[in-house]
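Here is what Swiss-Prot says about this protein:
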type: ACT_SITE; residues: 86; note: active site, acyl-thioester intermediate
type: ACT_SITE; residues: 338; note: active site, proton acceptor
């Protein structure tokens, strides 16, 4: 079996829903990433075997194929778009690594893209031309059967109650996320994973959801979204627009090209959980992954866990017995935002640029009651 390495991973800055990137379709969000990749590795672009992208709320079609053509990649390169809800971007990278392992190709571009601002409205199709009722709009697709398909907020509250996560702890974690992201933007760390955009003549190079001066006191003053709840707009992620991609290739090829460092793909797990507790997906995914690789949680020195809600991150940390110092060391999606399919690629880009680790995991809870997790090992020649 061949070995797969991630040698490059970047993302755009993330825009707020209805914010600075609201006018950009998914293909336009991906364009600067493809351009940066072509400039960095021009010698491999004609050797790409496939482009694998996640996308959840787009307008259909094959975003991967359309975006690679719009970016000027060779028309002989195919594209495939995957949908595993918000885990789609991470799943696309896992898919590409496995394709390299089984010798189905040597070079893949994988990641995800999402424009919540440009997502089309969906309405129920009338069964007859004589129907007189007003159009019924769908806020989102159903993830599970009726009675097992809570809203994201309800699911986050379910997790908070089931795992005894307090409002105070959720707010403290949210403040930590904003504080860490602001710190690592200011010292230049996070800039290494970002390809800036030019929007209406102005440079857009920082996540729009970030609130660098957010304090615990301000978070404590926010009202819960649900009556008697603990989840607020402050201790949850926002809806966002953005993209992220990675370049994955066979290790032997990377060595022959003189590439000096990257991340070696070790293994990945995707599993299901109770849909009413969907945010807890990282717990069984990471547990199964460690068991398969005969590792302990103490062997993992960096974990990037998508921050959809403070409640599910804290529940996952507690259940996995993680040290907080290993988790989201530069902050996470509560501060940077969560553009669904792009988030998994962002976790991988963060791991690639994060220093001082040997084994690292990227993991996500997924709509419909799932979780995925991927294990990388730092690789240097």
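All residue numbers here begin at 1 and follow the chain in the order shown.
Cβ coordinates come from backbone N, Cα and C, glycine included.
Put simply, residue 86 (active site, acyl-thioester intermediate) is 9 Å from residue 338 (active site, proton acceptor) when counted between their Cα atoms. Within the group of active-site residues (86, 338), the Cβ with the highest number of other Cβ atoms inside 10 Å belongs to 86.
DSSP assigns the residue listed as 'active site, acyl-thioester intermediate' to a strand in the three-state reduction.
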